[in-house]
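Some features that TrEMBL has for this protein:
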type	residues	note
BINDING	ARG42	L-glutamate binding site
BINDING	TRP104, THR154, ASP178, GLN201, ASN243, THR244	pyridoxal 5'-phosphate binding site
DOMAIN	5-369	domain 'Aminotransferase class V'
MOD_RES	LYS202	N6-(pyridoxal phosphate)lysine
Amino acid sequence: MARPFNFSAGPATMPEAVLRQAAAEMLDWHGCGMGVMEMSHRGREFGEILEQAQADLRALLAIPDHFKVLFSQGGALAHNAMVPLNLAGRHPQRAVDVVVTGAWSQKSAQEARRYADVQVAASGADGGYTAIPDPATWRLRANPAYVHLCSNETIHGVEFHQLPDLAALGCDAPLVIDFSSHVLSRPIDWGRVGLAFGGAQKNIGPAGLTLIIVREDLLGHALPICPSVFDYRVLAEQQSMVNTPPTWAIYVAGLVFQWVAAQREGELTGVAAMEARAIERARLLYEAIDGSQLYVNLVDPACRSRMNVPFFLRGDDGRPLKDPAHPRNAAFLRGAQQRGLLQLKGHKSVGGMRASLYNAMPIEGVQALVDYLREFERSA
Ligand SMILES: *Cc1c(COP(=O)(O)O)cnc(C)c1O
(Lines of atoms letter the chains of each structure in order from A; the text may use other names.)
(Lines give C-alpha, C1' and ligand atoms only; values in the text may rest on other atoms or scores of the structure.)
Protein backbone atom coordinates (compact mmCIF):
# COMPACT_ATOMS: atom_id res chain seq x y z
CA MET A 1 0.00 0.00 0.00
CA ALA A 2 1.27 3.48 -0.85
CA ARG A 3 2.27 5.65 2.11
CA PRO A 4 0.43 8.94 2.65
CA PHE A 5 2.19 12.19 1.70
CA ASN A 6 3.53 13.92 4.79
CA PHE A 7 3.95 17.72 4.59
CA SER A 8 5.33 18.16 8.12
CA ALA A 9 7.85 20.97 8.64
CA GLY A 10 9.97 18.75 10.85
CA PRO A 11 10.62 16.12 11.92
CA ALA A 12 9.60 15.40 8.37
CA THR A 13 9.09 12.86 5.65
CA MET A 14 12.00 10.57 4.80
CA PRO A 15 12.89 8.77 1.57
CA GLU A 16 11.03 5.47 1.75
CA ALA A 17 14.08 3.57 0.46
CA VAL A 18 16.10 4.86 3.43
CA LEU A 19 13.46 3.81 5.94
CA ARG A 20 13.37 0.35 4.39
CA GLN A 21 17.15 0.01 4.44
CA ALA A 22 17.37 1.17 8.06
CA ALA A 23 14.64 -1.33 8.94
CA ALA A 24 16.40 -4.17 7.14
CA GLU A 25 19.70 -3.38 8.91
CA MET A 26 18.14 -2.73 12.31
CA LEU A 27 19.19 -6.02 13.89
CA ASP A 28 22.42 -6.67 12.04
CA TRP A 29 24.51 -4.05 10.27
CA HIS A 30 26.49 -5.54 7.35
CA GLY A 31 26.78 -8.95 8.99
CA CYS A 32 28.59 -7.77 12.13
CA GLY A 33 25.88 -9.21 14.38
CA MET A 34 24.94 -5.82 15.92
CA GLY A 35 22.52 -3.10 15.02
CA VAL A 36 24.00 0.42 14.71
CA MET A 37 22.24 1.47 17.92
CA GLU A 38 24.08 -1.26 19.80
CA MET A 39 27.66 -0.77 18.66
CA SER A 40 30.44 1.18 20.36
CA HIS A 41 30.98 4.62 18.87
CA ARG A 42 34.73 3.92 19.15
CA GLY A 43 34.55 0.63 17.26
CA ARG A 44 35.67 0.01 13.68
CA GLU A 45 32.12 -0.39 12.37
CA PHE A 46 30.82 2.92 13.60
CA GLY A 47 34.10 4.59 12.62
CA GLU A 48 33.37 3.57 9.04
CA ILE A 49 29.81 4.88 9.21
CA LEU A 50 30.92 8.26 10.58
CA GLU A 51 33.76 8.75 8.12
CA GLN A 52 31.61 7.76 5.17
CA ALA A 53 28.81 10.12 6.22
CA GLN A 54 31.20 13.04 6.59
CA ALA A 55 32.89 12.32 3.28
CA ASP A 56 29.56 11.93 1.47
CA LEU A 57 28.23 15.21 2.87
CA ARG A 58 31.44 16.96 1.86
CA ALA A 59 31.13 15.62 -1.67
CA LEU A 60 27.41 16.44 -1.99
CA LEU A 61 27.83 20.06 -0.92
CA ALA A 62 31.27 20.53 -2.54
CA ILE A 63 32.65 21.66 0.81
CA PRO A 64 36.21 22.97 0.35
CA ASP A 65 39.12 21.40 2.24
CA HIS A 66 39.58 24.42 4.50
CA PHE A 67 36.16 23.79 6.09
CA LYS A 68 35.53 21.25 8.84
CA VAL A 69 32.39 19.10 8.87
CA LEU A 70 31.26 18.58 12.47
CA PHE A 71 28.45 16.45 13.86
CA SER A 72 27.02 17.63 17.15
CA GLN A 73 23.84 17.50 19.23
CA GLY A 74 21.45 19.99 20.76
CA GLY A 75 19.58 21.00 17.62
CA ALA A 76 19.78 24.33 15.87
CA LEU A 77 18.61 26.13 19.01
CA ALA A 78 21.57 24.90 21.07
CA HIS A 79 23.83 26.26 18.36
CA ASN A 80 22.11 29.62 18.56
CA ALA A 81 24.11 29.77 21.78
CA MET A 82 27.15 27.80 20.63
CA VAL A 83 27.81 29.98 17.62
CA PRO A 84 28.28 33.15 19.71
CA LEU A 85 30.13 31.15 22.38
CA ASN A 86 32.54 29.98 19.68
CA LEU A 87 32.80 33.03 17.44
CA ALA A 88 31.88 36.21 19.34
CA GLY A 89 35.36 36.28 20.86
CA ARG A 90 36.74 37.21 17.42
CA HIS A 91 35.75 40.83 18.21
CA PRO A 92 36.97 42.61 21.39
CA GLN A 93 33.44 43.84 22.26
CA ARG A 94 31.79 40.67 20.92
CA ALA A 95 29.96 42.61 18.25
CA VAL A 96 27.52 40.40 16.32
CA ASP A 97 25.14 41.61 13.58
CA VAL A 98 21.97 39.66 12.83
CA VAL A 99 19.58 39.93 9.89
CA VAL A 100 16.09 39.04 11.09
CA THR A 101 13.83 37.63 8.38
CA GLY A 102 11.51 35.43 10.43
CA ALA A 103 10.95 33.51 13.63
CA TRP A 104 14.17 31.53 13.58
CA SER A 105 16.61 34.38 13.03
CA GLN A 106 14.65 36.37 15.59
CA LYS A 107 15.28 33.58 18.10
CA SER A 108 18.94 33.46 17.11
CA ALA A 109 19.34 37.19 17.77
CA GLN A 110 17.66 36.86 21.14
CA GLU A 111 19.84 33.96 22.26
CA ALA A 112 23.05 35.59 21.03
CA ARG A 113 22.27 38.63 23.22
CA ARG A 114 23.14 36.51 26.24
CA TYR A 115 26.75 36.26 25.05
CA ALA A 116 27.35 39.06 22.60
CA ASP A 117 26.67 42.68 21.73
CA VAL A 118 23.96 42.03 19.14
CA GLN A 119 22.83 44.59 16.60
CA VAL A 120 19.85 43.82 14.38
CA ALA A 121 21.17 44.91 10.99
CA ALA A 122 17.79 44.61 9.29
CA SER A 123 14.39 43.19 10.14
CA GLY A 124 11.39 42.07 8.14
CA ALA A 125 9.15 42.24 11.24
CA ASP A 126 7.23 45.34 10.11
CA GLY A 127 6.06 43.55 7.00
CA GLY A 128 5.13 40.42 8.96
CA TYR A 129 8.24 38.68 7.59
CA THR A 130 6.94 38.49 4.05
CA ALA A 131 10.03 39.96 2.40
CA ILE A 132 13.81 40.12 2.82
CA PRO A 133 15.07 43.68 3.36
CA ASP A 134 17.34 44.73 0.48
CA PRO A 135 20.96 44.03 1.57
CA ALA A 136 21.90 47.54 0.40
CA THR A 137 19.82 48.87 3.35
CA TRP A 138 21.32 46.62 6.03
CA ARG A 139 23.04 48.48 8.89
CA LEU A 140 26.16 46.35 9.20
CA ARG A 141 29.12 47.29 11.35
CA ALA A 142 32.54 47.35 9.68
CA ASN A 143 33.97 44.23 11.31
CA PRO A 144 31.71 42.43 13.75
CA ALA A 145 32.67 38.95 14.96
CA TYR A 146 30.19 37.60 12.43
CA VAL A 147 26.91 38.31 10.67
CA HIS A 148 24.06 35.84 11.19
CA LEU A 149 21.10 35.07 8.94
CA CYS A 150 18.67 32.21 8.49
CA SER A 151 18.90 31.17 4.86
CA ASN A 152 15.46 29.52 4.90
CA GLU A 153 12.84 30.64 7.40
CA THR A 154 10.84 27.47 7.98
CA ILE A 155 7.89 29.17 9.68
CA HIS A 156 7.47 32.27 7.50
CA GLY A 157 8.44 30.61 4.22
CA VAL A 158 11.14 33.12 3.29
CA GLU A 159 14.32 31.92 1.56
CA PHE A 160 17.52 33.60 0.47
CA HIS A 161 17.93 32.58 -3.17
CA GLN A 162 21.30 34.27 -3.12
CA LEU A 163 23.55 34.79 -0.12
CA PRO A 164 24.80 38.35 0.42
CA ASP A 165 28.37 39.29 -0.43
CA LEU A 166 29.30 40.94 2.89
CA ALA A 167 32.59 42.32 1.58
CA ALA A 168 30.73 44.15 -1.19
CA LEU A 169 28.49 45.64 1.53
CA GLY A 170 31.53 47.04 3.32
CA CYS A 171 31.49 44.46 6.08
CA ASP A 172 34.60 42.44 6.84
CA ALA A 173 33.10 39.51 8.73
CA PRO A 174 32.28 35.86 8.20
CA LEU A 175 28.67 35.04 7.36
CA VAL A 176 26.93 32.49 9.58
CA ILE A 177 23.86 30.78 8.15
CA ASP A 178 21.21 28.60 9.78
CA PHE A 179 20.43 26.25 6.90
CA SER A 180 18.36 23.72 8.91
CA SER A 181 15.39 23.58 6.61
CA HIS A 182 16.92 23.72 3.12
CA VAL A 183 20.31 22.06 3.42
CA LEU A 184 20.92 19.68 0.49
CA SER A 185 18.19 21.29 -1.62
CA ARG A 186 20.58 23.67 -3.40
CA PRO A 187 24.31 24.26 -3.75
CA ILE A 188 26.03 26.57 -1.23
CA ASP A 189 28.40 29.35 -2.26
CA TRP A 190 31.17 28.62 0.27
CA GLY A 191 33.03 31.73 -0.82
CA ARG A 192 30.34 33.71 1.00
CA VAL A 193 29.98 31.54 4.10
CA GLY A 194 32.12 31.21 7.23
CA LEU A 195 29.92 28.82 9.17
CA ALA A 196 26.71 26.95 8.39
CA PHE A 197 24.69 25.04 10.94
CA GLY A 198 21.41 23.21 11.12
CA GLY A 199 19.41 20.43 12.68
CA ALA A 200 18.99 17.26 10.63
CA GLN A 201 15.28 16.67 11.17
CA LYS A 202 13.99 18.79 8.29
CA ASN A 203 15.77 17.74 5.16
CA ILE A 204 18.18 15.03 6.29
CA GLY A 205 17.15 12.57 8.95
CA PRO A 206 16.34 11.89 12.57
CA ALA A 207 16.21 14.64 15.17
CA GLY A 208 19.21 14.65 17.47
CA LEU A 209 21.92 15.34 14.91
CA THR A 210 23.15 18.87 14.26
CA LEU A 211 25.56 19.75 11.45
CA ILE A 212 28.19 22.45 11.65
CA ILE A 213 30.36 23.29 8.66
CA VAL A 214 32.98 25.82 9.63
CA ARG A 215 35.95 27.51 8.00
CA GLU A 216 39.12 26.46 9.82
CA ASP A 217 40.39 29.96 10.52
CA LEU A 218 37.26 30.66 12.63
CA LEU A 219 38.13 27.96 15.15
CA GLY A 220 39.93 28.68 18.41
CA HIS A 221 38.04 31.78 19.60
CA ALA A 222 35.66 30.07 22.04
CA LEU A 223 34.78 32.06 25.16
CA PRO A 224 36.00 30.44 28.40
CA ILE A 225 32.43 29.59 29.42
CA CYS A 226 31.84 27.56 26.23
CA PRO A 227 31.18 23.91 27.21
CA SER A 228 34.05 21.81 25.87
CA VAL A 229 31.76 19.28 24.16
CA PHE A 230 30.45 22.23 22.10
CA ASP A 231 33.81 23.91 21.44
CA TYR A 232 34.01 23.64 17.65
CA ARG A 233 37.81 23.46 17.72
CA VAL A 234 37.73 20.55 20.16
CA LEU A 235 35.01 18.86 18.08
CA ALA A 236 37.16 19.26 14.97
CA GLU A 237 40.28 17.95 16.68
CA GLN A 238 38.43 14.93 17.98
CA GLN A 239 36.53 14.10 14.76
CA SER A 240 33.14 14.95 16.32
CA MET A 241 33.76 12.32 19.02
CA VAL A 242 34.43 14.36 22.16
CA ASN A 243 31.72 12.27 23.75
CA THR A 244 29.22 9.75 22.40
CA PRO A 245 27.80 11.24 19.20
CA PRO A 246 24.16 10.59 18.14
CA THR A 247 25.20 7.37 16.44
CA TRP A 248 21.81 6.24 15.10
CA ALA A 249 21.02 9.68 13.70
CA ILE A 250 24.42 9.88 12.01
CA TYR A 251 23.91 6.45 10.46
CA VAL A 252 20.47 7.35 9.05
CA ALA A 253 21.76 10.73 7.84
CA GLY A 254 24.52 8.80 6.06
CA LEU A 255 21.90 6.67 4.29
CA VAL A 256 20.13 9.87 3.22
CA PHE A 257 23.40 11.29 1.85
CA GLN A 258 23.82 8.10 -0.23
CA TRP A 259 20.22 8.37 -1.39
CA VAL A 260 20.69 12.00 -2.47
CA ALA A 261 23.91 11.14 -4.30
CA ALA A 262 22.10 8.42 -6.26
CA GLN A 263 19.16 10.62 -7.37
CA ARG A 264 18.98 11.66 -11.02
CA GLU A 265 16.98 14.30 -12.84
CA GLY A 266 17.92 14.14 -16.52
CA GLU A 267 21.64 14.98 -16.61
CA LEU A 268 21.66 16.15 -13.02
CA THR A 269 22.60 14.13 -9.94
CA GLY A 270 22.89 14.69 -6.21
CA VAL A 271 22.16 18.18 -4.90
CA ALA A 272 21.68 19.53 -8.43
CA ALA A 273 18.94 16.94 -8.97
CA MET A 274 17.43 17.87 -5.60
CA GLU A 275 17.42 21.51 -6.62
CA ALA A 276 15.71 20.78 -9.94
CA ARG A 277 13.00 18.84 -8.12
CA ALA A 278 12.63 21.54 -5.48
CA ILE A 279 12.11 24.16 -8.18
CA GLU A 280 9.48 22.00 -9.86
CA ARG A 281 7.61 21.17 -6.65
CA ALA A 282 7.54 24.83 -5.60
CA ARG A 283 6.42 25.96 -9.06
CA LEU A 284 3.49 23.54 -9.06
CA LEU A 285 2.24 24.59 -5.65
CA TYR A 286 2.75 28.37 -5.91
CA GLU A 287 1.10 28.40 -9.36
CA ALA A 288 -1.91 26.57 -7.96
CA ILE A 289 -2.16 29.00 -5.02
CA ASP A 290 -1.65 32.13 -7.14
CA GLY A 291 -4.12 30.90 -9.76
CA SER A 292 -6.92 30.38 -7.26
CA GLN A 293 -9.53 32.65 -5.67
CA LEU A 294 -9.54 30.72 -2.42
CA TYR A 295 -5.87 30.38 -1.46
CA VAL A 296 -3.21 33.00 -0.85
CA ASN A 297 0.51 33.07 -0.05
CA LEU A 298 1.63 36.47 1.26
CA VAL A 299 5.39 36.18 0.69
CA ASP A 300 7.21 38.35 -1.87
CA PRO A 301 7.73 36.05 -4.90
CA ALA A 302 11.42 37.05 -4.97
CA CYS A 303 12.06 35.24 -1.69
CA ARG A 304 9.41 32.55 -1.49
CA SER A 305 10.77 29.37 0.01
CA ARG A 306 10.99 26.27 -2.15
CA MET A 307 10.83 24.13 0.97
CA ASN A 308 8.13 25.63 3.21
CA VAL A 309 4.99 27.11 1.71
CA PRO A 310 2.68 28.83 4.20
CA PHE A 311 -0.72 29.64 2.74
CA PHE A 312 -4.17 30.69 3.84
CA LEU A 313 -7.71 29.94 2.78
CA ARG A 314 -9.75 33.10 2.39
CA GLY A 315 -12.95 33.78 4.27
CA ASP A 316 -16.13 34.95 2.53
CA ASP A 317 -14.87 38.55 2.96
CA GLY A 318 -11.68 37.63 1.08
CA ARG A 319 -9.47 37.94 4.15
CA PRO A 320 -6.95 35.19 5.05
CA LEU A 321 -8.35 32.82 7.68
CA LYS A 322 -5.61 32.41 10.26
CA ASP A 323 -7.51 30.51 12.95
CA PRO A 324 -7.02 26.75 12.41
CA ALA A 325 -10.34 26.13 14.20
CA HIS A 326 -12.32 28.16 11.63
CA PRO A 327 -14.83 25.71 10.05
CA ARG A 328 -13.39 26.21 6.55
CA ASN A 329 -9.85 25.48 7.76
CA ALA A 330 -11.05 22.52 9.79
CA ALA A 331 -12.92 21.10 6.79
CA PHE A 332 -9.85 21.58 4.59
CA LEU A 333 -7.61 19.72 7.03
CA ARG A 334 -10.13 16.92 7.50
CA GLY A 335 -10.46 16.37 3.77
CA ALA A 336 -6.68 16.44 3.36
CA GLN A 337 -6.22 13.83 6.06
CA GLN A 338 -8.83 11.60 4.37
CA ARG A 339 -6.88 11.79 1.12
CA GLY A 340 -3.58 10.89 2.79
CA LEU A 341 -2.20 14.44 2.80
CA LEU A 342 -0.82 14.79 6.32
CA GLN A 343 0.33 17.58 8.65
CA LEU A 344 -0.74 20.61 6.60
CA LYS A 345 -1.71 22.75 9.58
CA GLY A 346 0.33 25.96 9.73
CA HIS A 347 2.66 26.95 12.55
CA LYS A 348 0.73 28.33 15.52
CA SER A 349 2.42 31.74 15.29
CA VAL A 350 1.33 32.24 11.65
CA GLY A 351 -1.87 30.21 11.41
CA GLY A 352 -3.45 28.91 8.23
CA MET A 353 -1.70 26.10 6.40
CA ARG A 354 1.86 25.17 5.59
CA ALA A 355 3.11 22.58 3.12
CA SER A 356 6.74 21.58 3.56
CA LEU A 357 8.24 20.19 0.37
CA TYR A 358 11.54 18.67 1.41
CA ASN A 359 13.84 16.51 -0.70
CA ALA A 360 11.98 13.34 0.25
CA MET A 361 8.61 14.67 -0.98
CA PRO A 362 7.88 13.09 -4.36
CA ILE A 363 6.45 15.30 -7.08
CA GLU A 364 3.36 13.05 -6.97
CA GLY A 365 2.75 14.30 -3.43
CA VAL A 366 2.64 17.90 -4.60
CA GLN A 367 0.43 16.92 -7.53
CA ALA A 368 -1.95 15.20 -5.11
CA LEU A 369 -2.00 18.32 -2.94
CA VAL A 370 -2.66 20.59 -5.93
CA ASP A 371 -5.50 18.31 -7.10
CA TYR A 372 -6.98 18.50 -3.62
CA LEU A 373 -6.66 22.32 -3.49
CA ARG A 374 -8.68 22.56 -6.73
CA GLU A 375 -11.25 20.02 -5.62
CA PHE A 376 -11.76 21.75 -2.27
CA GLU A 377 -12.04 25.16 -3.93
CA ARG A 378 -14.79 23.88 -6.26
CA SER A 379 -16.73 22.53 -3.29
CA ALA A 380 -16.15 25.52 -0.96
C1 LIG B 1 13.56 23.74 13.08
C2 LIG B 1 14.48 24.88 13.01
C3 LIG B 1 15.23 25.30 14.12
C4 LIG B 1 15.11 24.61 15.47
O5 LIG B 1 15.75 23.41 15.45
P6 LIG B 1 15.86 22.49 16.75
O7 LIG B 1 16.59 21.31 16.22
O8 LIG B 1 14.46 22.19 17.20
O9 LIG B 1 16.63 23.23 17.77
C10 LIG B 1 16.08 26.36 13.97
N11 LIG B 1 16.22 26.99 12.80
C12 LIG B 1 15.52 26.62 11.71
C13 LIG B 1 15.70 27.35 10.43
C14 LIG B 1 14.63 25.56 11.78
O15 LIG B 1 13.92 25.20 10.70
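Note that Cβ sites are derived from N, Cα and C of the backbone, with glycine treated the same way.
Structural mapping of features recorded in TrEMBL.
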| residue | record | DSSP (3 states) |
| --- | --- | --- |
| ARG42 | L-glutamate binding site | coil |
| TRP104 | pyridoxal 5'-phosphate binding site | helix |
| THR154 | pyridoxal 5'-phosphate binding site | coil |
| ASP178 | pyridoxal 5'-phosphate binding site | strand |
| GLN201 | pyridoxal 5'-phosphate binding site | coil |
| ASN243 | pyridoxal 5'-phosphate binding site | coil |
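Each of the binding-site residues GLN201, THR244 was scored by the number of other CB atoms within 10 A of its CB, and the lowest score belongs to THR244. Less than 6 Å separates the Cβ from ligand 1 in the case of TRP104, THR154, ASP178, drawn from the binding-site residues ARG42, TRP104, THR154, ASP178, ASN243, THR244 in sequence order. Distance noted between the C-alpha atoms of THR244 (pyridoxal 5'-phosphate binding site) and the residue listed as 'N6-(pyridoxal phosphate)lysine' is 23 Å.
Taking CA atoms as the reference points, TRP104 (pyridoxal 5'-phosphate binding site) and LYS202 (N6-(pyridoxal phosphate)lysine) are 14 Å apart. Its Cβ taken as reference, LYS202 (N6-(pyridoxal phosphate)lysine) is surrounded by 28 other Cβ atoms within 10 Å in the chains shown. Long-range C-beta contacts of THR154 (pyridoxal 5'-phosphate binding site), restricted to its own chain and to partners at least six residues apart, with a cutoff below 8 Å, comprise ALA9, GLY10, GLY102, ALA103, TRP104, SER180, SER181, LYS202, SER305, MET307, ASN308, SER356. Within 10 Å of the C-beta of ASN243 (pyridoxal 5'-phosphate binding site) we count 10 further C-beta atoms, all protein chains included. With respect to ARG42 (L-glutamate binding site), the closest of these binding-site residues in Cα terms is ASN243, chosen from ASP178, GLN201, ASN243. Shown in sequence order, ALA76, HIS79, ASN80, TRP104, SER105, SER108, HIS148, LEU149, CYS150, SER151, ALA196, PHE197, GLY198 are the residues of the chain, 6+ apart in sequence, with a C-beta less than 8 angstroms from the C-beta of ASP178 (pyridoxal 5'-phosphate binding site). With a 10 A radius on its CB, the residue listed as 'L-glutamate binding site' counts 9 other CB atoms from all the protein chains. Take the CB of TRP104 (pyridoxal 5'-phosphate binding site) and look out to 10 A: across all protein chains shown you find 24 other CB atoms. Take TRP104, THR154, ASP178, GLN201, ASN243, THR244, the residues named in the record as contacts for pyridoxal 5'-phosphate: the widest Cα to Cα gap among them comes to 30 Å.
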